[in-house]
Amino acid sequence: MRRHLQWSIKQLIASYSDGQLSPRRVTEEALQDALRWKTLNAFVRLTPEQAAQQAQDSEERYKLRQPISDLDGVTIAIKDNFCTKDVHTTCASRMLQDFVPPYDATVCSRLKQAGAVILGKTNMDQFAMGAGTVDSLYGPTKNIWSEDLDKDHWRIAGGSSGGSASAVAAGLCYAAIGSDTGGSTRNPASYCGVVGLKPTYGLVSRHGLIPLVNSMDVPGIFARSVSDCVAILNTVAGPDKLDSTTIRKPFTRLNLPEVGQIDLSTVRIGIPKEYHCHGLSAEVLETWSKVADLLECSGASVRQVSLPNTAASIFVYTILNQCEVASNMARYDGIEYGHRAADERSTEQLYALSRAEGFNEVVKTRILTGNFLLLKKNYDHYFEKALRVRRLIAEDFAKVFDSSAKEERVDILLTPTTLTEAPLYKDFASLTNRDQCAVQDFCTQPANMAGNPAVSIPIRLSRAGLPLSLQLMSNSLNEQLLLTVARWIEAQVEFDSLEHTQQYKASL
């Protein structure tokens, strides 16, 4: 086990500054580990030449004592639905298997400008349509916490950003970028025992993120600690003239207080009763209760709240998701870019065959369902009605966060992230994609519907030795308080995200 992997990004940067470590050495070791752990299938493509050059440039800056940011020389992985200049960006699909973007997504360009070292692209569900990273052209991603990675008893990493979560959990990089449409960052973060942050919608630019659901997509962040998440967020957040949906207000860098200085006496925590739902495991419920008690015993005000439209949220999310997917997938016709079928007898035949060959069954099903829901005869009954209920869901959050009655207002919502520990692949694969997402996204997708920030933090291990995590949600642009409370909980539970990685490597 590389000793420096136990360090935070801040400690790593300090070791670069005093000459104890070098960016080139850390990058070389990271690339070696990524190859050694190919069985996880976390990466779909490594970029060793680019990473080596970025590490060399970073090392030169440290020799001159002129690092350019708090991320200079830090190894980071990027989900394969973010455009990366001169590097294949495939969305884990046949349709984009040969697509090489001529530009960087804003998130990627800001990381590069900060001196970060980009190791490569991580695995995902095809076009981010899934909750397990099992529907990839490159095969499924495995969870490092699995009892056995080589037989049929391995666990899923979650999805759709499972490759990024698996890479961070296995110590292959210090942080990773994912996307979050209905929980695609928080879900795999929960299963893999790492921190997963979904920022406020519009806080981080979507430019260069290949869209799934434009009105809900948010770049997400994976790291092994809350403070590392903050370091990444401070680099990538802020207005972007290339994305009209970014918040125009200048971003104020977050600066979390030290754990000993965090005062919870003025913090009001809400426990939404609707999240105590069918399918919630006894261990997750016990974990939820214990952390609520821990907060209350430390001075926070904890009370039950109601988000009455939660039960309808997963159905509304499913409808809106499929409608926007049908629209977004229309651009892939085999003409301008993407997979092109060999049969060119007619334009119509070319379109049909290119799409039939380029998309898997999950994508095709969502396109067909979305187009059906958008038919004139169905538009009002499904799409319009779903939009109206979405507004009610957003109003539920507004009522608990902005209530005019002070005694009814809360600052943070505490909920489960996922209903259970990471399931076995064979059990998960036996379900349809619709059922997989309906179960795995129940607690996470309401935050996307409302555009609110949310973070998943690992709490403890289940009796099976798998991570159990909880989710914190707050009002829009309230990341400062959200991550402050998350950092306090993190310090109390002292979860070691690399524990299983160390034990597994020691047994090899």
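Numbering starts at 1 and runs along the chain as displayed.
Each Cβ is built from the backbone N, Cα and C atoms, and glycine gets one as well.
Summarising the annotation, TrEMBL assigns active site, charge relay system to Lys79 (among others). Long-range Cβ proximity for Lys79 (active site, charge relay system), meaning a same-chain Cβ under 8 A and a gap of 6 or more residues, is found for Lys121, Thr122, Met124, Ser161, Gly163, Ser164, Ala176, Ile177, Gly178, Ser179.
TrEMBL lists Ser160 (among others) with the feature active site, charge relay system. Counting every protein chain shown, the Cβ of Ser160 (active site, charge relay system) has 36 other Cβ atoms within 10 Å.
Per TrEMBL, the feature active site, acyl-ester intermediate maps to Ser184.
What TrEMBL records for 27-483 is domain 'Amidase'. Here the domain 'Amidase' (27-483) returns a mean pLDDT of 96 for the predicted model.
Sequence-distant contacts of Ser184 (active site, acyl-ester intermediate), defined by Cβ-Cβ distance under 8 angstroms and a gap of at least six in the same chain, are Ala128, Ala131, Gly159, Ser160, Ser161, Gly178, Gly220.
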